[in-house]
Number of protein chains: 2
Amino acid sequence: MQETLKQPNEIPHNEKLLSLKYEGFKCVEISRWVICGLIGFLTGLIACFIDIVVEIVAAYKYKIVKRYIDQFVVEGGLCASVILWAILNSAFVMAGSLVVAIFEPIAAGSGIPQIKCYLNGVKIPRVVRLKTLVVKVFGVICSVVGGLAVGKEGPMIHSGAVVAAGVSQGRSTSLKKDLKIFEYFRRDTEKRDFVSAGAAAGVSAAFGAPVGGVLFSLEEGASFWNQMLTWRIFFASMISTFTLNFFRSIYNGNPGELANPGLINFGQFESGAYKLYEIPIFICMGAVGGVLGAGFNALNYWLTIFRIRYIHRSYLQVIEAILAAAATATVSYILMYCSDDCQTPGEHQAVEYPLQVTQSHNKLIIIEDLRLYCIHSKNTLLLVHQLFCPDGQHNSIATVFFNTPERSVRNLFHNFPGSYNSLTLFLFTFTYFFLACWTYGLTVSAGVFIPSLLLGAAWGRLIGNLLTNSGVSIFADPGKYALMGAAAQLGGIVRMTLSLTVIMVEATGNVTYGLPIMLVLMTSKIVGDYFAEGLYDIHIKLQSVPFLGWEAPATSHSFTAREVMSSPVMCFNRTEKVGTIVDVLSNTSAKHNGFPIVSDFTTNEVYLFYSTQVIKFFLHVFVERAQLKQRKLLLKDFRDAYPRFPPIQSIHVSQDERECTMDLTEFMNPTPYTVPQETSLPRVFKLFRALGLRHLVVVDNENRVVGLVTRKDLARYHLGKHGLEELQLAQT
Amino acid sequence: MQETLKQPNEIPHNEKLLSLKYEGFKCVEISRWVICGLIGFLTGLIACFIDIVVEIVAAYKYKIVKRYIDQFVVEGGLCASVILWAILNSAFVMAGSLVVAIFEPIAAGSGIPQIKCYLNGVKIPRVVRLKTLVVKVFGVICSVVGGLAVGKEGPMIHSGAVVAAGVSQGRSTSLKKDLKIFEYFRRDTEKRDFVSAGAAAGVSAAFGAPVGGVLFSLEEGASFWNQMLTWRIFFASMISTFTLNFFRSIYNGNPGELANPGLINFGQFESGAYKLYEIPIFICMGAVGGVLGAGFNALNYWLTIFRIRYIHRSYLQVIEAILAAAATATVSYILMYCSDDCQTPGEHQAVEYPLQVTQSHNKLIIIEDLRLYCIHSKNTLLLVHQLFCPDGQHNSIATVFFNTPERSVRNLFHNFPGSYNSLTLFLFTFTYFFLACWTYGLTVSAGVFIPSLLLGAAWGRLIGNLLTNSGVSIFADPGKYALMGAAAQLGGIVRMTLSLTVIMVEATGNVTYGLPIMLVLMTSKIVGDYFAEGLYDIHIKLQSVPFLGWEAPATSHSFTAREVMSSPVMCFNRTEKVGTIVDVLSNTSAKHNGFPIVSDFTTNEVYLFYSTQVIKFFLHVFVERAQLKQRKLLLKDFRDAYPRFPPIQSIHVSQDERECTMDLTEFMNPTPYTVPQETSLPRVFKLFRALGLRHLVVVDNENRVVGLVTRKDLARYHLGKHGLEELQLAQT
């Protein structure tokens, strides 16, 4: 019976899978470009959709609330208006939270930790499904409109990644639809490349920062620098920001007026309006940002631990989200009401009322009712509110609370000097710090970028105010301090380096601010790292996934492959009994997918095979062939199965069949990477990172297999407070 | 005698050299940052120096020439003025060319091919010496002032690289000065990392494009993506552009007015002033740029072959350079004289005369004599000349010929619509194409970036003119066509992709032009690659260096390590006779530096040792110990010797000493990378690129050494017209 189990030649071994020679190199390359273009286009469209929906719904919400407030200011009954606002906000947040909790819990949060893991090579279930995307988009609209301390920028990155996974695979598991296109790309490496393009497109659409997007992807995902891939990622990013810009220009009634490349726009800063002696001040602000960021992260860490222990049921999670929404609304209302910071626009501002200036007819209609002021400050349009203030003045704290968060950030950056008093800014910073910290980790789709920026802009502006009030006229503009504060706070919380600098510079639109932004981000990272890890890293670690850092832990030089490898490892012969194979693969203690094969005759040849392929083959031989008419197993079958190969337990093998022998030659990788057992851990680490390995066979001097190193074996070791520590890793 | 030759334990084997554990990780890391800051600062200073000297000298030159021309316009005798100009230009070029030809021929050209090779891992002698830098700086000033069709941007990249090499090594071979600092960095990998930072700083200073600089370095040098390294490179770039900007602002009399981040400044483009339907036109322009670029490269290729054959003596090279200078001057003079394209500034331009606007008191003095017009077009300051035109008008072609090339580019980008007639532009394009092509490869220091931009801007503006004249008013601004033409022409000649896009976008200062620039560059590369290689690649190939491309040639999948390896390879035992070692190392047919060691007892252990270290040891034992008092050989000795280890021939070993045996254990790398001989060529290639290898040991199934793959073995194969071709490589 052995010959019937002999593999047909069409089934490729791994090496053939990797090679392009049978597929037409050019055609594949063109498909890749087309896919990247599509990814960029769709990501831009989604960003545009979220943006416009949030604009419209938020404007209606503010209109309703404002009308009641105005009415209550005249008639009394403030209590009712605060309850109205709290209920309205809670309703939105409840809707978003319910959808997330019930349909797709993985869509909670910003999704950046998940995408970081995915790009790092860790498989997280359901993270790039279409369903996740739909829930995410709906959720983020609800939480932003619900007035939580959140942004819609982080979720864009996740959205881009989902779009990329869907488009590149040409099918959707959620829709159970297979378009039968792009089947060549149905494997891990290709899919991951496209997902990194999607993440870049997301960053690009969120911040109008195509280069920042590329660098984000490289920072998180790249190991080997692949020029063509980087170039494609850049293409996707460019298309994404262009699409967003273009469609928004149509929405705003000026098609082709490409002035808003990202969801958040920092407005125009004057070129190089800082002096050399201000740079030390900026650096100190970076340190402040690092400390505040570390505090934020530590607080959020304890909160997350608390949540994992006590708030793990859906209904509790939804209730917490509703509470947070109600609290945010109440606190901001109280602050606005108690604030006596009423500002009269200065003479140098053009104040226009009613507003013809926003250029969007939709928005115009809404805004006309709102009795807003519109201030032109340095070519940037700012919206401010009268609220409880006398006519002709506007409520200063309402410019940050009673606005979408993006507008609030812009207000803090560009409002004229003196438009906030220091107490207002301090109160805002204090309350918003705790609100934002509470909010991150709620079961809602929401990002932490914008809250961080807003927080930093507030205390940055506070420092700017203090400097201005110090009587030294050289610190004229608190706006640039707001910008530096925003960079410092964001850097202190997320701890990204290169990509964040470029993102901030691109969002600022002025390369001369590059150096101070860079110095601020460096300082905040160094200071922050001294106290606590970055927010995303904390959340990744709490999920216990085998995440590989950039470099091997510093003290790992004394470790060798022998000490980290999984051993003993089950080796197969080239021809092996089916029963043996099934038993080994069924054994759940072997959690890896690759198994070494050693030759029957000489012990010195080492190969590697992947259980998923063998299982698919078994499925074909023992199950499907009974149903289908007998045909050979083709490459296509493997691709159709990807990425969900069946578990071995789903295949019943009879006692007769167990006795068959089978030739594993066709499944194996004939030249797997091997290292001697004396290889140091840093070198093993470098091989994994540089070559994107998942398995590395460890051999002794006679080239005999002595063990196998997997990602998990490496991720287990990390540098803790007591030297090298071993982590408990979750099953993935 | 064996015990005297036993290695002292302090001599580290390679693995120890790579490890940081003995050096204090933090301290080394801080030094790296300091060095990168210094690199950026010095590179910026050099850029500033070149810029200011060129400004001053060129202004004086134009002043003298102009005065004669004005005089001759009145009095007659034009012939004398053209001769004056030609002689003046030739004199400058002769000075530059003489210095290059006599003192340092490697300083000729832009230096970018050399830096590409260096970053790729190819060692080119004298390319990063201080002497080269001095010659380069002097040379580039002479050739720009001499009116050749050259730019000073390419040489900045080379200059940055030299600065980096010098600073990071803490010593200079040219000055015979060793500061005894940064000795830790005296080895190939560290030095290369710093050189890539220097190259990035150079790009950054040249174009005001810090991110573009980082991407240039990554594109040319990176293999494994190293986050900290990239971050440091970015730091150097930022410091570099900031330094240039800052010192120039002081020179211009407005300290702190950071408005000119690069040597070339494209001026301000309106945000998104293009429409969707113009993008196909831009793409067509990209194709034109590709064709013209390929033509340029092919012509230059033949010219270079001709030069290699017939113009290899210094005096011939200098004469050629002088001829080129004279020809350039004459041709441009004739064009200016014959041109009847006299323009009256339109009403919408603010014309100021005399000029108070340039803000530089130095420049102001010069310019007041010159009877220039100064046109404000879209916030960009343009200088135009009256020359042979009636009063109140200016000579159109003189705006591009009678100016520094950077100003000419800006004129073409920003001068008001209709300020050039199409014939002028055509004539300029036609003549400048041949002049620039002739100029690249002359024995002068000069870059090809600016001539390419100028050429492209001219025909781009020509296309813009034609479209405007077509009567369709939508193509109002020929300036953006000039920009796209410049991108297309530059892309068609140098064929860089990602980094060039980012450089162009940063120089334009407007992210909304990113998408069209990217599409143009992609098109020009695809079209250009169809006809001829990139200019730098052509010159690299003509130098026959073992340059490794990004990926293995497409048809190389059928090759295995066995076919490309050097075989048989000389193997050593762990203890070996000194005589045997000396004989093998003296054998010039073994051109590599690494030799496998196999154990005496088991054949299955493979190690690798480097001849340079052994030779240094011999030198110590057999030569130096006679002179010095007996002391142990320390790590420091190896560092002091780097990078010029003595040749084995310089060591005389007596017959007695030949009989000694020596233990190679301490010199060897105990875990070299090995591959089975069946490994495919693309995989070997990937290992080399990803891990930055120089030697890879090839073993058979019993782990016996069968061969050695070096860079040269890989670079030998490239994809030619007849499939895979083997190259003849030079000795390096």
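Any Cβ shown, glycine's included, is placed from N, Cα and C.
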Per TrEMBL, the range holding transmembrane segment, considering A:229-251, A:367-389: A:229-251
Surrounding residues of the transmembrane segment (A:432-460) on its own chain - C-beta under 8 Å, 6+ positions past either end: 93, 96-97, 100-101, 105, 107-112, 135-140, 142-144, 148-156, 206, 264, 285, 288-289, 292-293, 296, 299-300, 303-304, 307, 314, 317-318, 320-321, 324, 327-328, 331, 400, 405-406, 408-409, 412-413, 425-426, 478, 481-490, 493-494, 535, 539
For the domain 'CBS' (A:668-726), the mean pLDDT of the predicted model: 72
Remote residues contacting the transmembrane segment (A:194-217) - C-beta distance under 8 A, at least 6 residues beyond either end: 35-36, 39-40, 43-44, 46-47, 115, 118-119, 128, 152-154, 156-165, 167-168, 185, 229-230, 232-234, 236-241, 243-245, 260-265, 449, 496, 498-500, 502-503, 505-507
Positions on the same chain near the transmembrane segment (A:133-151), where near means CB under 8 A and six or more residues out: 46, 49-50, 53-54, 57-58, 61, 85, 89-93, 95-97, 99-100, 103-104, 107-108, 111, 158-159, 162-163, 166, 174, 264, 324-325, 328-329, 332, 404-406, 432, 435-436, 439, 442, 444-451, 453-454
